[in-house]
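The signal peptide feature in TrEMBL is assigned to 1-19. Residues annotated as disulfide bond in TrEMBL: C23-C39. The feature domain 'Cupin type-1' is assigned by TrEMBL to 53-200. Summarising the annotation, TrEMBL assigns Mn(2+) binding site to H101, H103, E108, H147. Taken from TrEMBL, the feature oxalate binding site applies to H103, E108.
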Amino acid sequence: MLHIFLLFSLIFTSTNVLAQDFCVANTASGIVTPSGYPCIMEANVTSDDFAFSGLGVPGNTSNIISAAVTPAFVGQYPAVNGLGLSAARLDLAPGGVIPMHTHPGANELLYVVHGHITCGFISSANKVYLKTLKRGDVMVFPQGLLHFQINAARKRPSLAIVTFSSPNPGLQILDFALFANDLPSSLLEKSTFLDDAQVKKLKGVLGGTG
């Protein structure tokens, strides 16, 4: 029995020696793999690397959607590299909206700090799940599904903090994917059932061509 105990002790000790507690991203390396960025040397890591102050600053909502998303993804917050999570701040001015979009790489959890936000997502069976949230409420959006957020507080801004199950959740906004590129209008008209005038109007608003 003693030799078995010593064997397990050796394995456990070796595993602890080889364990890596974190991998603060070396974003300057220019190397990105499916598992993330390479690590900076642990000797160069400081306490400041694990803290991020960006979510305390209101985003600029003076834009077409009257909203702003301030990310704390691996690109802005290298300490989340390899840890399977990230966060963002969502500012919604009166009338603000985060248009229909997806995160191909992560689930999302939204927490309302103040205000009222109408949120919804559409399942792969095209069922709509819709809820107006108040301060303190949370809502989850499964990975890859189309979803949106709208400020339901008519005359006041709303604020939410969102967390993701990936350091780099990805983002594709449906409106921009359709109308902010050079896909020929004739193909868009056939695939969306919109007429030529509607397609050209949306391309004009969102900067598309073709």
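Cβ from N, Cα, C; glycine included.
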Taking 8 Å from the centroid of the Cβ atoms of H101, H103, E108, H147 as the cut-off, which other residues in that chain fall inside it around the Mn(2+) site? T102, F121, F141, L145, L146, P169, L171
Could you tally the C-beta atoms, other than its own, that fall within 10 angstroms of the C-beta of C23 (disulfide bond)? 21
In the domain 'Cupin type-1' (53-200), how many residues does DSSP call helix, how many strand, and how many coil? 25 helix, 56 strand, 67 coil
Sorted by position, what residues of the same chain at least six away from H147 (Mn(2+) binding site) have a C-beta under 8 A from it? M100, H101, T102, E108, C119, G120, F121, I122, F141
Among the binding-site residues listed here, H101, H103, whose Cβ has the fewest other Cβ atoms inside 10 Å? H101
Spacing of the two Cα atoms, H103 (Mn(2+) binding site) and C23 (disulfide bond), in whole angstrom, works out to 23
Non-local Cβ contacts of C39 (disulfide bond) (under 8 Å, 6 or more apart, same chain)? Q20, F22, C23, V24, A25, N26, N81
Count of other CB atoms lying within 10 Å of the CB belonging to E108 (Mn(2+) binding site): 22
